[in-house]
Every structure is written in C-alpha cells, then in structure tokens.
Amino acid sequence: MTAIQLIVGLGNPGAEYEQTRHNAGAFFVERIAAAQRVNLVPERKFFGLTGRFTHQGQDVRLLIPTTYMNRSGQAVAALAGFYRIPIESILVAHDELDLPPGVAKLKVGGGHGGHNGLRDIIAQLGNQNTFHRLRLGIGHPGDASKVSGFVLGRAPRAEQEKLDASIDFALGVLPDIFAGEWNRAMKNLHSQKA
C-alpha cells in the first residue's frame, strides 16, 4: 500500500465558518499539526494553509484549502501536482452527513456522495477518485432541504464533543495509516463510537 504523503482537511475559510460542522476535516488537520508541532502557513500557490513533518523518513504534507469548499480541488491538485504526490497517497478528511456524530470511518475511493469538496477534488484530479478518505460523522438534519444550513451551522456542545472524540479516535489510528496497515486502522477506527 502506498504511503500517505498528503493529508487534506476540508472546510471553508473565514471566522464565520471556523467552528461549523463543514470544517470537521480542517479540525482534524489542525489537531495533527498541533501534535506534530507544525505551523500551518498560507501558501498562495497551493491555495491553502500548508505544513510538513517527517514520519519515519517520509515527508507528510498537511493542507487546509483556503478556497471555499466547492473549490477544494484547486488546492489539492496544485500541491499534489507540485510535489508529484500520487493520488493513492492522499488522505482527505471531511464531514460526513451519513454518519452520526462520534463516528469516523476510513474509505478508499468512491464517489463524492453529494459532498461538494469531494466533487471538486475528483474533478480537479482528472476524475480520479482513488484517494483515501477519513469520513467524520456530523449527522443529518433529516430533510435534504436543511442540509446547507446544517453543515454551515455550529454543532451543539454535546454533538461537538462527539465529533472531537471521533477525531481523537482517528488520530489514534494514524500510526497504522502511516505504516500502510489500512485493514488494522479501519478495524480499530470502525469499532469506536463516542
């Protein structure tokens, strides 16, 4: 299995979106950066905040696009192209309506499931979807017409605590992910629920 060289955390830029459900992926990358003592700095040519650390001699780059969600692919394609990172070496962390808060799941490939950030990444990578995903459950409002307001809203405290716990679970399986032990990472992560 190809080693992960790029971890992307999806979200929207700006203070008004900072603590919204849609920024769950960005929360995950911020937590990795803090744990690795990496400063995320703006890089205009990559349309995002970037950082780098080394894990067992392998560079791992972090990216939080500063484009709006529906233009996330611009940042991912720019950074992956510049550093020649294979699509299979990318892990994208994002909010997931189809999972309840407190649940996180890993997935390889697949469609966008209506997620505009994933849709744009797939398009910008030449309609290739073989990157890895970390799906962070945020729950569903129950009615499709309420999705936009829901993802752009802040979670109540109890819900946010569950999301934070699922991010902790995901951070706990990063060593397996870096080792290419995807089955073990999935088994361990998928058995956790806040």
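Each residue, glycine too, has its Cβ placed from N, Cα and C.
Per Swiss-Prot, the candidate among Asn39, Asn116 that belongs to the tRNA site alongside Tyr17, Tyr68, Asn70 is Asn116. Taking the C-alpha positions, the distance from Asn12 (site 'Discriminates between blocked and unblocked aminoacyl-tRNA') to His22 (active site, proton acceptor) comes to 7 Å. In the three-state DSSP reading, Asn12 (site 'Discriminates between blocked and unblocked aminoacyl-tRNA') counts as coil.
With Tyr17, Tyr68, Asn70, Asn116 listed as the residues that bind tRNA, the site has a largest C-alpha separation of 16 Å. DSSP assigns Asn116 (tRNA binding site) to a helical segment in the three-state reduction.
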